[in-house]
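One structure, pasted below without further comment.
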Amino acid sequence: MTLQVCKDDPWLKPFEEELLRRQALVGQWKDHFAKEGGLAEFAASYKRYGLHVNKDNSVTYREWAPGASEAVLTGDFNGWDRQQYHMTRDEYGLWSVTVPPTSDGQVAIPHNSKVKLALKTSNGQWVDRLPAWSTYVVQDLSKSPIYEAVFWNPPESEKYQWKNKSPPTPANAQIYEAHVGISSSEPRVGTYKEFTKNILPRIHKLGYNVIQLMAIMEHAYYASFGYQVTSFYAISSRYGTPEDLKELIDTAHGMGITVLLDVVHSHACKNVDDGLNNFDGTDHQYFHGGAKGDHPQWDSKLFDYGKYEVLRFLLSNLRFYIEEYHFDGFRFDGVTSMLYKHHGLGTGFSGGYHEYFGDEHVDQQAVVYLMLAHELMRELQPLLRPGEDAGNFLSIAEDVSGMPALCRPVSEGGVGFDYRLAMAIPDMWIKLVKETRDEDWDMGNIVFTLTNRRHREKTIAYAESHDQALVGDKTLAFWLMDKEMYTSMSVLSDPNPIIDRGIALHKMIRLITHSLGGEGYLNFEGNEFGHPEWLDFPREGNGSSFHYCRRQWPVVDDKLLRYQHLNEFDAAMQHRGDHYGWLSADQAYVSLKNEDDKVVVYERAGLVFVFNFHPNKSFTDYRIGVDQPGTYTLVLDSDSPEFGGFGRIDHEKTRCHTEPLEWNGRANCMHIYIPSRVALVFAREDDPRRK
């Protein structure tokens, strides 16, 4: 039997045996999990591992630590007595102990009290560890930078009560990438509650239907942007409590917004005292032993995805966030590093299929883990979210390699992701604005980069994400306008050609990326209004300053500043995109890429998109080809005054009638006026979606 992916892409046929072998490995793991009730039940291990209250109010603690010779649970609850609760070990290295209730039948370990695991390693040394399955850990910098585990077991009256169902899966994924900690305009760490109150309404008003939350999994080093995870089951306590995060997600759901977790399963922080590294005294418990377990660039540890208990830990982690916090899916970080033994370092991908296959290049165990993760989400769908209107669990891969079939179902021979990030697109835009004169922009290369994606594999397009905002780089707006943003963004200022150019190109770049670059779109928090400068977390090198570690919301709220115009355009783009459904439509038909005129024309979702990137030439009676005959009028004009434009087009008088003359490969044509540095979107007057 030929796999569906090989039918769709004949270039995969020589590698079908390897694709089938991956499927067989997934099947073998499922057979192993069957003895624990199957994949979904295996991934419910978070309900058994860690600390859990039993019906009789006793507390049972389980921890896998095969390299330890003794284990003791201790904490505030017993005065840190290291003799009272010695744990027993089974043949697989699973330690357990039960703490009986108090004499009056209450839970002996108080809510929000601190606990520790003391382990005796094989060399006879006693070490303290945070339980690996801790759901809340805290830091008291007045005492130590090392995190401490907390037993989170609030009384029923303090537990968050869910009010809203998860929304249906959006057909047009418009993603707002956000970081709770930087969401305050003040120079400090923001909170879950502040995000719920102040930021969610902004996101909803803009028209985004998905939020991708970064830096939620606990990380000891704030400046790691959340990518050096220390406690995988603990949500970051910097921003508040588990109940606060639940309120945030529930409120978003009430607004019809899907919420994704930026999950980091590609590596782990190398911290020992408050991480997983050397947890049981060995370097090979959760990770590969020796140099194989070290990421040469990230200075972090690499999971051994071929181990039964590692799969338990990671697969359960996914179900935990879905079931406990009602996350609607995941953006998997660092997928390229997982897929390949070389981690994508020092390797350029030419597109040759041999680069994506073979045990020499590919970490098959990691690929199989990702396939199992998607099989888990598929199994959990009817179990946790029954009903036709229930949203599906979404997944996005951060992969720069372009591995074929990454975003195809496991049953068809793929890895299972719904989307991949179009990581070449932001690189193209930054390179253009940094290195190339406007008059030398290559329309053909822009279009090629935006449309270069695999057949039947969906892509999330973006002009910039958090990666481009970090210190050492700058936001797109700052590359375009730089220091002029400090002095010339007032609506009362004299006209400034640098600002005018920057605002015009910022809108054009985002619209062409949104409408041509993929089947979904992503924006990083604040960039919708052209956030100035860069992002720099407090660290030793900047005097622990929060000055660049915040979002400057006052500039977009100030009606005397031009940031409002970029914000209004972004909102119009999101609302038009969702209304007309161009992201879920077939890929665009590009009818014109004129290098001399710097004009690009394409059609998608029954709309006609026209871009004039020329720095100073406007065109009257410019003939363009269109597929459908009729009368066309504007539904979006980047030059409109409310978007900071010059209002060079009279919308009331702009009615473009087609002629039955073939032009640029289209059956009809029409004549339009295209001012310089303007993007226009036309729809037929009789389009029922205009009603």
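The backbone N, Cα and C atoms fix where each Cβ goes, and this holds for glycine too.
Residues or ranges marked as (1,4-alpha-D-glucosyl)n binding site in Swiss-Prot (evidence: similarity to another entry): Trp80, Lys116. According to Swiss-Prot, the feature active site, nucleophile maps to Asp333, an assignment based on similarity to another entry. The annotation active site, proton donor is assigned in Swiss-Prot to Glu398 on the grounds of similarity to another entry. Marked as site 'Transition state stabilizer' by Swiss-Prot on the basis of similarity to another entry: Asp467.
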Please give me the CB contact count at 10 A for Lys116 ((1,4-alpha-D-glucosyl)n binding site), counting all chains in the structure.
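That number is 18.
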Using Cα coordinates, what distance in whole Å links Glu398 (active site, proton donor) and Trp80 ((1,4-alpha-D-glucosyl)n binding site)?
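Their Cα atoms are separated by 43 Å.
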Among the recorded positions Asp333, Glu398, Asp467, which residue has its Cβ surrounded by the fewest other Cβ atoms within 10 Å?
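Per-residue Cβ counts within 10 Å for the recorded positions Asp333, Glu398, Asp467 bottom out at Asp467.
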Sorted by position, what residues of the same chain at least six away from Trp80 ((1,4-alpha-D-glucosyl)n binding site) have a C-beta under 8 A from it?
Thr74, Lys116
Could you state the whole-number distance in Å separating the C-alpha atoms of the residue listed as 'active site, nucleophile' and Asp467 (site 'Transition state stabilizer')?
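Here the two Cα atoms lie 12 Å apart.
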